[in-house]
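Undergrad: When I checked TrEMBL for this same protein, it listed these features:
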TRANSMEM  28-51  transmembrane segment
TRANSMEM  57-79  transmembrane segment
TRANSMEM  91-113  transmembrane segment
TRANSMEM  125-142  transmembrane segment
TRANSMEM  149-166  transmembrane segment
TRANSMEM  172-189  transmembrane segment
TRANSMEM  201-219  transmembrane segment
TRANSMEM  231-251  transmembrane segment
TRANSMEM  258-280  transmembrane segment
TRANSMEM  286-304  transmembrane segment
Amino acid sequence: MPGRANTVGIWLIYQLEESRKGEGVRGVLASIGASSLFGVLFLIPGMLAPLSGTEVFGWRVLTSLPVALVVLALARCLGDVRAVVRRVRSAPRLALVILLDAALLGVQLWLFSWAPIAGHGLETALGYLLLPLVMVLVGVVMHGERVTALRGGAVAAAGVAVAAAFLLDGGLSWVTALVALGYPLYFQVRRRSGLDSSGVMLLELAVLVPVAGAIVASGSSVQTLAAHPRLVPVVVLLGVVSGVATLLYLAAARWLSFSVFGLLSYLEPVLLVVVSVALLSEPFAAVDWLVYGPILAALGLLSLESARASRRSVQRAARAPVRERVLTA
């Protein structure tokens, strides 16, 4: 199944990069594809025992970079990388922005590798549940985006869920806060600087390679892989799933508005919860339904909103002049 998911992911990023116009079906597909692959990715660190979470992070970066390069080549997006390099040469301050972006991304990649091994999978999932709310607030406050009635209802339902989680757990853990606040900052820096193309992620991963290499070289992970050859294909799988999932996620962030992108992000934490409870054996009490029940309601409202938006898009396309449709195809 993961191998098939990777193939689908590569096909999606190729198809999605063929056209980059606004908010639409390709953004939704990218978000769903990324969430599904991240659910698979959450399982892989446990499959790499006895490697530590930090060592898994190091291997993830080292194996994701070549995968990202291949995917961008298939998607004919290497021109994006060259364009970013030219921009950095003409405006050297952008190099500092890429360094900052790489640091913010690296923290999230490390957390995602460490949490499922350390027993913090549900706390991580809660951070991803809170993330869409923060993204919607950023979209409204920073970008002046409008919140429709259905989106507002979804946000309200999700707010009830997050409030319940806050009350039941007595507060938010640092793991939850790091996810919920770190990603909005990352995407804001990207958008404010105009460095929001898929090619930028390749440069961010390249910046992280020395750190990842030092982690791998300073530990015993190489010897561990030599002693356990069965782990080698799992490490390769880690890079493939990670590279494709991250590219799809960043593509969705680029194509969708902050609010829609944030709301669609609810699929990933639901999958992470399922993985944490069903496959990683983290505890899930009956009272936890007070958190996840409202989330299901939010997802239902979001699905209705997406269906209406898709229907309006089809209707607008049908009314567009033939010449305009040809020029924008």
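Glycine too: its Cβ is placed from the backbone N, Cα and C atoms.
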Undergrad: Look over the recorded stretches 28-51, 57-79, 91-113, 172-189, 286-304 and say which has the most C-beta pairs under 8 A to the transmembrane segment (149-166).
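TA: Result: 286-304.
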Undergrad: Can you see whether the transmembrane segment (231-251) and the transmembrane segment (28-51) are touching - at least 3 CB pairs under 8 angstroms, only pairs 6 or more apart in sequence?
TA: yes
Undergrad: Under 8 angstroms, Cβ to Cβ: which one of 125-142, 201-219, 286-304 has the largest number of such pairs with the transmembrane segment (172-189)?
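TA: It is 125-142 that shares the most Cβ pairs under 8 Å with the transmembrane segment (172-189).
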Undergrad: Under 8 Å between C-beta atoms and at least six residues away from its ends: which parts of the chain pack against the transmembrane segment (91-113)?
TA: 38, 41-42, 45, 53-54, 56-57, 60-61, 124, 175, 178-179, 182-183, 185-186, 189-190, 193, 195, 200-201, 203-205, 207-208, 211, 242
Undergrad: In the same chain, which residue numbers or ranges, 6 or more beyond the ends of the transmembrane segment (201-219), come under 8 angstroms Cβ to Cβ?
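TA: Beyond its ends, the transmembrane segment (201-219) has Cβ neighbours at 52, 54-55, 57-62, 64-65, 68-69, 72, 81, 84-85, 98-99, 101-102, 105-106, 109, 246-247, 250.
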